[in-house]
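Contents: one structure, followed by commentary.
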């Protein structure tokens, strides 16, 4: 039976879709059977980030409205054709085409065949957000270390509580170690202190993400990407492994990171 | 006549006693059902406050007045008008009844203990509104974007960054205190203050009224 994990944030542009694509791919790399659902109907992106844009025939709304079987709408990922699938959003409809009950029914159908169902939520707190969290067993809240994003994340935590979903986990994305070191950016503890929820991952700001996103490749497949490494760590934590958090300092690059990890352990 | 009772539904909810009107039933039948229901349990409802939930139905001034009149006969006060239709907001305002969207009820989790004081042991987050007729005590932070209003005083055992209104209704004795007092907006009775931009609280502080001014002093109880 699959776990349904919804990735949400409140604010737009903080990296929900990138996070969804990377976690889905990382879990698939470890042999998990994964389906990623794009719940951002009308503004779909997940297909682009995963590089599957040109394979869409049917979408989420087609499934919900019964124009095709669920199986027909699932797109095989080119790199993991056996165990990574995407259910894309419709581009020509809007959020009202789907209800929270539709999402619950859809996920219940998919649960039997998969280990993980990741749902990429739209920004905002309206209908699309409600659709995305309705079937969730677990919720990951993505924020960047900026006051406006943290404020929105706080609102989301409140709503998640109101919908009686327990223990949302926090991902802090796009941390710039240099700026934190200079005191120009909020640090991880500052964000955690405000939101008062458990942290499941910190992802450094990484220019390679922009490149990989544009190419429809994902960072977790790039051995040199720090962000990719961070996402792999989060995927491992989702699988129940106890992985230490990355130590981010101003010396970017894997070698410096590894060295400093050894230093802090001693 | 059997379905008469379904024209209205009265039920207890987290937010209080809720009167739900059937969305499409004829208005006269709704009123009739309400009259009957209240007549049956007259003493039970006496002095109660009711949330009037009209759902998607849009109601006129006259219709709202009719409901309020029936409620008044039994000494029942309206707590709020719960409605989705924006036109009802104007109607409610004109009748002096607060209007709320149904979602606002869900976004406020239930209080732990309710009595003269309201005790909350959690983080009050952006978008959450706590309203209480007594004192409010929060063990936890009140984040920016949260709102607390109380007829009495407001005590925050944590960081206060949201907006607070103590002494709602004109209680000049009400105070606000917090371990870190930096609210976006602070009101006591009818007076209002904003945290200065350069304010960095170094310890617990207490705000109270001195005439028409809100004064904030460090909390150093032993020296009092």
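From the backbone N, Cα and C atoms, a Cβ is placed for every residue, glycine too.
TrEMBL entries are annotated by machine, without manual review.
As the structure is a computational prediction, the values presented were derived from the model and not from experiment.
As annotated by TrEMBL, domain 'AAA' applies to A:3-170. Residues annotated as ATP binding site in TrEMBL: A:11, A:12, A:13, A:14, A:15, A:16, A:17, A:18.
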Query = Looking only at the domain 'AAA' (A:3-170), what is the mean pLDDT?
reply = 95
Remark   = CB contacts under 8 angstroms to residue A:13 (ATP binding site), restricted to the same chain and 6+ apart in sequence, sorted by sequence, are A:123
Task = Among the binding-site residues listed here (A:12, A:15), identify the one with the smallest other-Cβ count within 10 Å.
result = A:12
Note = Top of the binding-site residues A:11, A:16 by count of other CB atoms within 10 A is A:16
Query = Excluding A:11, A:12, A:13, A:14, A:15, A:16, A:17, A:18 themselves, which residues in that chain have a Cβ inside 8 Å of the centre of the Cβ atoms defining the ATP site?
reply = A:9, A:19, A:123, A:142, A:173
Same chain, 6+ residues apart, C-beta under 8 Å of the C-beta of residue A:17 (ATP binding site), given in sequence order = A:38, A:40, A:45, A:46, A:49, A:120
